[in-house]
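Novice: Sharing a structure with you now.
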Amino acid sequence: MTTITITRPDDWHIHLRDGAQLKDTVRDISRYMGRAIVMPNLVPPAIDTETALAYYDRIKAQVPAGSQFEPLMVLYLTDKTSPDEIRKAKASGKIVAAKLYPAGATTNSDSGVTDVKNIYPVLQAMQEVGMLFLVHGEVTDSAIDIFDRERVFIENILSKIVADFPALKIVLEHITTKDAVDFVTQASDNVAATITAHHLLYNRNHMLAGGIRPHFYCLPILKRNTHQQALLGAAASGNKKFFLGTDSAPHAKDKKEAACGCAGSYTAHAAIELYAEAFESVNALDKLEAFASFNGPDFYNLPRNSDTITLVKKSWDVPATYPLGDTNVVPIRAGEAIDWQVE
């Protein structure tokens, strides 16, 4: 297959950052994506409706002329978030979900939730008003090996939340393990998951074997090949519970290439092209449209996009860097070729 036309896709998990960087991140993701779920882990985080709506306005101001791109906003949950704030956010019409960051789990998560029991009243309110619950599924206990933190979170925390709030729609974000695939597959229809392009294309050998490659360092961290294969199997299965979420997370080049580098991989420059590569690798290009364009809006009870994009099997070379505000970001596949491009 050398051309494939699909309904315009959406990105159900992205980091757009703020300030001078917004112009560049919004330009990249709005080229082919119709909508994106925008992460709220800014500095300071978007912990209330006013902050999230102000962020929405800043994003919209950077959308290029002619683009219909629509950001979908998310509330950042803290120990102090109130049920009233959830109701207010839902009523805004712009905020479609709230996000659990276990405190310290990832970039700018220090304001996050210290004990999930602290937000049970909030989860009850979310269940009542029909707001989605997005989860960074890792424990933060330093005694737990970093490669085990997703599995332990599912076993010790997420399984309890799912049991206690059966009507709450939950997205386990950027899953990285067979454990997560199995959990989501076996859970009720109210539990779904996003999968990144880089977790489909790469495993920890790419990051660690033959030298450390810091631009593959992200959280949750890349796992072993057997987990990568489970993710590919889930994405290509046609199962409606799995959908596209890039978790594209830009950091300046010097913040990645450092003695203590930041976690995050940038894929917004070529998101759908990279997913096409991943699906082609398992002979499943016929399943790409459902994963990229149908399953996400269906789970969120939003309409599917009405227009299409066409991907062509035509190699192109990725630049070594892209502009990111007043600095540069090194994208995934920097200086190398990608097999697909959008016509």
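Keep in mind that glycine also has a Cβ here, set from the backbone N, Cα and C atoms.
Pasting the feature list from Swiss-Prot:
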- His13, His15, Lys99, Asp247: Zn(2+) 1 binding site (BINDING)
- His15, Leu16, Arg17, Asn41, His136, Leu219, His251, Ala263: substrate binding site (BINDING)
- Lys99, His136, His174: Zn(2+) 2 binding site (BINDING)
- Lys99: N6-carboxylysine (MOD_RES)
- Asp247: active site (ACT_SITE)
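Explain the structural surroundings of these features, please.
Specialist: Under DSSP, Lys99 (Zn(2+) 1 binding site) is assigned to a strand (E or B) in the three-state scheme. Packing around Lys99 (Zn(2+) 1 binding site) is summarised by its Cβ count: 25 other Cβ atoms lie within 10 angstroms of its Cβ, all protein chains included.
A coil conformation is recorded for His15 (Zn(2+) 1 binding site) in the three-state DSSP classification, outside any helix or strand. Taking a C-beta cut-off of under 8 Å and a sequence gap of six or more, His15 (Zn(2+) 1 binding site) has these contacts in its own chain: Thr25, Val38, Met39, Asn41, Thr107, Asp247, Ser248, Ala249, Pro250, Gly264.
For His136 (substrate binding site), the Cβ neighbour count at a 10 Å cut-off comes to 25, with all displayed protein chains included.
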Novice: Determine, to the nearest whole angstrom, how far the Cα atom of Leu219 (substrate binding site) is from the Cα atom of His174 (Zn(2+) 2 binding site).
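Specialist: Taking the Cα atoms only, Leu219 (substrate binding site) lies 9 Å from His174 (Zn(2+) 2 binding site).
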Novice: Quick check for the class: what is the C-alpha distance, in angstrom and rounded, between His13 (Zn(2+) 1 binding site) and His136 (substrate binding site)?
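Specialist: Per the Cα atoms, His13 (Zn(2+) 1 binding site) and His136 (substrate binding site) stand 11 Å apart.
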Novice: Where's the emptiest Cβ shell within 10 Å among the binding-site residues His13, Arg17, His174, His251?
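Specialist: Taking His13, Arg17, His174, His251 as the binding-site residues, the minimal 10 Å Cβ count falls on Arg17.
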Novice: Reported as an integer number of Å, what is the Cα distance between His251 (substrate binding site) and His174 (Zn(2+) 2 binding site)?
Specialist: 18
Novice: How long is the line from the C-alpha of Leu16 (substrate binding site) to the C-alpha of His174 (Zn(2+) 2 binding site), rounded to the nearest angstrom?
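Specialist: For Leu16 (substrate binding site) versus His174 (Zn(2+) 2 binding site), the Cα atoms are 16 Å apart.
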Novice: At the level of the C-alpha atoms, what whole-angstrom distance separates Ala263 (substrate binding site) and Lys99 (Zn(2+) 1 binding site)?
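Specialist: Checking the Cα atoms of Ala263 (substrate binding site) and Lys99 (Zn(2+) 1 binding site) gives a distance of 18 Å.
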Novice: Pop the Cα-Cα gap between His136 (substrate binding site) and Lys99 (Zn(2+) 1 binding site) into the table, whole Å please.
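Specialist: Distance (Cα to Cα, whole Å): 8 Å.
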